[in-house]
Amino acid sequence: MRLDLYVITDGAIGGGRSHAEIARFACAGGADAIQLRDKACGPDALCRIGREIRAITRDTGTLFIVNDRLDVALACGADGVHLGQGDLRVDTARRLAPRPFMIGVSVGNAEEAISAVVAGADYVAASPIFATSSKDDAGPGCGISGLREIRAAVAVPVVAIGGITRDNVAEVIAGGADSIAVISAVVGQPDIVAAARDLRERITTAKEQYREKRDA
(Lines of atoms letter the chains of each structure in order from A and count residues from 1; the text may use other names and numbers.)
(Lines give C-alpha, C1' and ligand atoms only; values in the text may rest on other atoms or scores of the structure.)
Protein backbone atom coordinates (compact mmCIF):
# COMPACT_ATOMS: atom_id res chain seq x y z
CA MET A 1 0.00 0.00 0.00
CA ARG A 2 1.41 3.35 -1.05
CA LEU A 3 0.55 6.10 1.38
CA ASP A 4 2.59 9.18 0.52
CA LEU A 5 0.05 12.00 0.70
CA TYR A 6 -2.78 11.83 3.23
CA VAL A 7 -5.26 14.72 2.96
CA ILE A 8 -7.65 15.61 5.78
CA THR A 9 -10.81 17.48 4.84
CA ASP A 10 -11.76 20.69 6.64
CA GLY A 11 -14.73 22.69 5.43
CA ALA A 12 -13.76 25.69 7.58
CA ILE A 13 -10.69 26.47 5.49
CA GLY A 14 -11.83 24.98 2.19
CA GLY A 15 -12.94 28.23 0.60
CA GLY A 16 -16.62 27.30 0.67
CA ARG A 17 -16.03 23.88 -0.87
CA SER A 18 -17.79 20.85 0.57
CA HIS A 19 -15.98 17.86 2.04
CA ALA A 20 -16.83 15.89 -1.10
CA GLU A 21 -15.48 18.61 -3.39
CA ILE A 22 -12.29 18.80 -1.35
CA ALA A 23 -11.92 15.03 -1.57
CA ARG A 24 -12.54 15.01 -5.32
CA PHE A 25 -9.93 17.70 -5.96
CA ALA A 26 -7.39 16.10 -3.63
CA CYS A 27 -7.82 12.72 -5.33
CA ALA A 28 -7.37 14.39 -8.71
CA GLY A 29 -4.09 15.80 -7.40
CA GLY A 30 -2.84 12.36 -6.41
CA ALA A 31 -3.77 12.00 -2.74
CA ASP A 32 -3.28 8.43 -1.54
CA ALA A 33 -5.69 8.76 1.39
CA ILE A 34 -8.58 11.02 2.34
CA GLN A 35 -9.69 11.48 5.92
CA LEU A 36 -13.14 12.92 6.60
CA ARG A 37 -12.87 15.16 9.65
CA ASP A 38 -15.75 17.26 10.95
CA LYS A 39 -16.08 17.63 14.71
CA ALA A 40 -19.34 19.60 14.50
CA CYS A 41 -21.32 17.38 12.13
CA GLY A 42 -23.94 14.96 13.48
CA PRO A 43 -23.71 11.23 12.71
CA ASP A 44 -26.47 11.11 10.07
CA ALA A 45 -25.07 14.06 8.11
CA LEU A 46 -21.56 12.68 8.49
CA CYS A 47 -22.73 9.35 7.05
CA ARG A 48 -24.20 11.12 4.03
CA ILE A 49 -20.95 12.97 3.44
CA GLY A 50 -19.01 9.78 4.01
CA ARG A 51 -20.97 7.92 1.36
CA GLU A 52 -20.26 10.70 -1.13
CA ILE A 53 -16.55 10.51 -0.41
CA ARG A 54 -16.62 6.71 -0.48
CA ALA A 55 -17.99 6.85 -4.04
CA ILE A 56 -15.27 9.28 -5.08
CA THR A 57 -12.42 7.34 -3.48
CA ARG A 58 -13.70 4.02 -4.80
CA ASP A 59 -13.45 5.37 -8.35
CA THR A 60 -9.89 6.64 -7.81
CA GLY A 61 -8.61 3.76 -5.69
CA THR A 62 -7.91 6.13 -2.80
CA LEU A 63 -7.93 5.02 0.82
CA PHE A 64 -10.83 6.51 2.79
CA ILE A 65 -10.60 7.08 6.54
CA VAL A 66 -13.13 8.64 8.93
CA ASN A 67 -11.90 10.66 11.90
CA ASP A 68 -13.06 9.60 15.39
CA ARG A 69 -16.35 7.91 14.47
CA LEU A 70 -16.08 4.15 14.09
CA ASP A 71 -19.86 3.88 13.69
CA VAL A 72 -19.82 6.31 10.77
CA ALA A 73 -16.79 4.65 9.19
CA LEU A 74 -18.51 1.27 9.21
CA ALA A 75 -21.85 2.66 8.06
CA CYS A 76 -20.45 4.40 5.00
CA GLY A 77 -18.06 1.62 4.01
CA ALA A 78 -14.83 3.45 4.79
CA ASP A 79 -11.50 1.63 4.74
CA GLY A 80 -10.71 2.66 8.29
CA VAL A 81 -11.04 5.00 11.23
CA HIS A 82 -8.56 7.39 12.81
CA LEU A 83 -8.65 7.70 16.59
CA GLY A 84 -7.20 10.27 18.97
CA GLN A 85 -5.88 9.60 22.45
CA GLY A 86 -9.24 10.55 23.97
CA ASP A 87 -11.43 8.61 21.56
CA LEU A 88 -12.67 5.02 21.56
CA ARG A 89 -10.04 2.58 22.87
CA VAL A 90 -8.02 0.99 20.09
CA ASP A 91 -8.51 -2.56 21.36
CA THR A 92 -12.27 -2.00 21.54
CA ALA A 93 -12.31 -0.64 17.99
CA ARG A 94 -10.29 -3.62 16.79
CA ARG A 95 -12.73 -6.09 18.34
CA LEU A 96 -15.61 -4.34 16.61
CA ALA A 97 -13.80 -3.98 13.29
CA PRO A 98 -11.38 -6.81 12.45
CA ARG A 99 -8.74 -6.41 9.76
CA PRO A 100 -8.57 -5.56 6.89
CA PHE A 101 -10.42 -2.57 8.34
CA MET A 102 -7.71 -0.08 9.24
CA ILE A 103 -7.21 1.72 12.53
CA GLY A 104 -4.90 4.70 12.81
CA VAL A 105 -4.04 6.45 16.05
CA SER A 106 -2.65 9.90 16.83
CA VAL A 107 0.39 9.71 19.10
CA GLY A 108 2.66 12.31 20.63
CA ASN A 109 5.54 10.13 21.75
CA ALA A 110 7.10 6.68 21.45
CA GLU A 111 5.26 5.29 24.48
CA GLU A 112 1.86 6.16 23.00
CA ALA A 113 2.94 4.69 19.66
CA ILE A 114 3.94 1.37 21.20
CA SER A 115 0.69 1.18 23.19
CA ALA A 116 -1.36 1.88 20.05
CA VAL A 117 0.35 -0.84 18.05
CA VAL A 118 0.01 -3.40 20.86
CA ALA A 119 -3.70 -2.58 21.02
CA GLY A 120 -4.15 -3.18 17.29
CA ALA A 121 -3.31 -0.01 15.36
CA ASP A 122 -2.29 -0.42 11.72
CA TYR A 123 -0.51 2.93 11.59
CA VAL A 124 0.33 5.76 13.96
CA ALA A 125 0.20 9.48 13.26
CA ALA A 126 2.98 11.45 14.94
CA SER A 127 1.14 14.62 15.84
CA PRO A 128 1.88 17.43 15.70
CA ILE A 129 5.38 17.64 14.21
CA PHE A 130 5.34 21.43 14.19
CA ALA A 131 2.95 23.94 15.72
CA THR A 132 -0.29 24.17 13.74
CA SER A 133 -3.42 26.27 13.74
CA SER A 134 -5.51 23.72 11.81
CA LYS A 135 -6.27 21.59 14.88
CA ASP A 136 -7.19 23.36 18.12
CA ASP A 137 -6.40 20.31 20.24
CA ALA A 138 -3.05 19.47 18.63
CA GLY A 139 -0.81 20.64 21.48
CA PRO A 140 2.89 21.51 21.18
CA GLY A 141 4.92 20.00 18.38
CA CYS A 142 7.06 16.92 19.03
CA GLY A 143 9.56 18.05 16.40
CA ILE A 144 11.75 15.97 14.13
CA SER A 145 13.49 14.43 17.14
CA GLY A 146 10.15 13.19 18.47
CA LEU A 147 9.28 11.82 15.04
CA ARG A 148 12.55 9.88 14.96
CA GLU A 149 11.82 8.37 18.37
CA ILE A 150 8.36 7.27 17.26
CA ARG A 151 9.76 5.83 14.02
CA ALA A 152 12.35 3.82 15.94
CA ALA A 153 9.76 2.49 18.39
CA VAL A 154 7.30 0.82 16.01
CA ALA A 155 7.29 -1.26 12.84
CA VAL A 156 3.97 0.00 11.45
CA PRO A 157 3.79 2.98 9.05
CA VAL A 158 4.28 6.38 10.66
CA VAL A 159 2.21 9.27 9.31
CA ALA A 160 3.49 12.76 10.16
CA ILE A 161 1.07 15.64 10.64
CA GLY A 162 1.12 19.16 11.99
CA GLY A 163 2.54 22.30 10.43
CA ILE A 164 3.93 20.47 7.40
CA THR A 165 4.31 22.50 4.21
CA ARG A 166 5.88 22.17 0.79
CA ASP A 167 8.98 23.86 2.24
CA ASN A 168 9.65 21.50 5.16
CA VAL A 169 8.28 18.21 3.83
CA ALA A 170 11.74 16.91 2.84
CA GLU A 171 12.96 17.40 6.42
CA VAL A 172 10.00 15.41 7.73
CA ILE A 173 10.60 12.54 5.31
CA ALA A 174 14.27 12.49 6.33
CA GLY A 175 13.08 12.25 9.93
CA GLY A 176 11.46 8.90 9.18
CA ALA A 177 7.89 9.62 8.12
CA ASP A 178 6.32 7.10 5.75
CA SER A 179 3.43 9.41 4.94
CA ILE A 180 2.62 13.11 5.14
CA ALA A 181 -0.81 14.20 6.36
CA VAL A 182 -1.91 17.77 5.75
CA ILE A 183 -4.90 20.04 6.05
CA SER A 184 -4.05 23.65 5.23
CA ALA A 185 -1.15 22.83 2.88
CA VAL A 186 -3.71 21.37 0.44
CA VAL A 187 -7.26 22.13 1.59
CA GLY A 188 -6.51 25.76 2.38
CA GLN A 189 -4.99 26.50 -1.02
CA PRO A 190 -6.86 28.17 -3.91
CA ASP A 191 -6.11 25.25 -6.24
CA ILE A 192 -6.39 22.00 -4.30
CA VAL A 193 -5.49 19.83 -7.29
CA ALA A 194 -2.26 21.73 -7.95
CA ALA A 195 -1.34 21.89 -4.26
CA ALA A 196 -1.84 18.15 -3.81
CA ARG A 197 0.09 17.32 -6.96
CA ASP A 198 3.00 19.57 -5.98
CA LEU A 199 3.20 18.19 -2.45
CA ARG A 200 3.03 14.58 -3.60
CA GLU A 201 5.83 15.19 -6.08
CA ARG A 202 7.93 16.72 -3.32
CA ILE A 203 7.26 13.72 -1.07
CA THR A 204 8.29 11.32 -3.84
CA THR A 205 11.48 13.26 -4.51
CA ALA A 206 12.32 13.47 -0.81
CA LYS A 207 11.84 9.71 -0.39
CA GLU A 208 14.11 8.98 -3.36
CA GLN A 209 16.80 11.29 -1.99
CA TYR A 210 16.48 9.77 1.48
CA ARG A 211 16.85 6.22 0.12
CA GLU A 212 19.89 7.20 -1.96
CA LYS A 213 21.56 8.82 1.05
CA ARG A 214 20.72 5.87 3.31
CA ASP A 215 22.01 3.29 0.82
CA ALA A 216 25.17 5.22 -0.12
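Glycine is treated like the rest: Cβ placed from N, Cα and C.
Sequence annotations record features per position, and here Swiss-Prot assigns 4-amino-2-methyl-5-(diphosphooxymethyl)pyrimidine binding site to GLN35, LEU36, ARG37, ASP38, LYS39, ASN67, SER106, LYS135. The Mg(2+) binding site annotation in Swiss-Prot covers ASP68, ASP87 and rests on sequence analysis.
According to its DSSP assignment, ARG37 (4-amino-2-methyl-5-(diphosphooxymethyl)pyrimidine binding site) is coil.
Every protein chain shown contributes to the tally, and the Cβ of SER106 (4-amino-2-methyl-5-(diphosphooxymethyl)pyrimidine binding site) ends up with 26 other Cβ atoms within 10 Å. In this structure, of the binding-site residues ARG37, LYS39, the smallest number of CB atoms within 10 A of the CB marks LYS39. Separation of the C-alpha atoms of LEU36 (4-amino-2-methyl-5-(diphosphooxymethyl)pyrimidine binding site) and ASP87 (Mg(2+) binding site): 16 Å, rounded to the nearest whole number. Each of the binding-site residues ASP68, ASP87 was scored by the other Cβ atoms within 10 Å of its Cβ; the lowest score goes to ASP87. Local packing around the Cβ, expressed as the count of other Cβ atoms within 10 angstroms, is greatest for LEU36 among the binding-site residues GLN35, LEU36, ASP38, ASN67. When the Cα atoms are compared, LYS39 (4-amino-2-methyl-5-(diphosphooxymethyl)pyrimidine binding site) and ASP68 (Mg(2+) binding site) turn out to be 9 Å apart. In this structure the alpha carbons, written CA, of ASP87 (Mg(2+) binding site) and ASN67 (4-amino-2-methyl-5-(diphosphooxymethyl)pyrimidine binding site) are 10 Å apart.
DSSP gives ASN67 (4-amino-2-methyl-5-(diphosphooxymethyl)pyrimidine binding site) a strand state.
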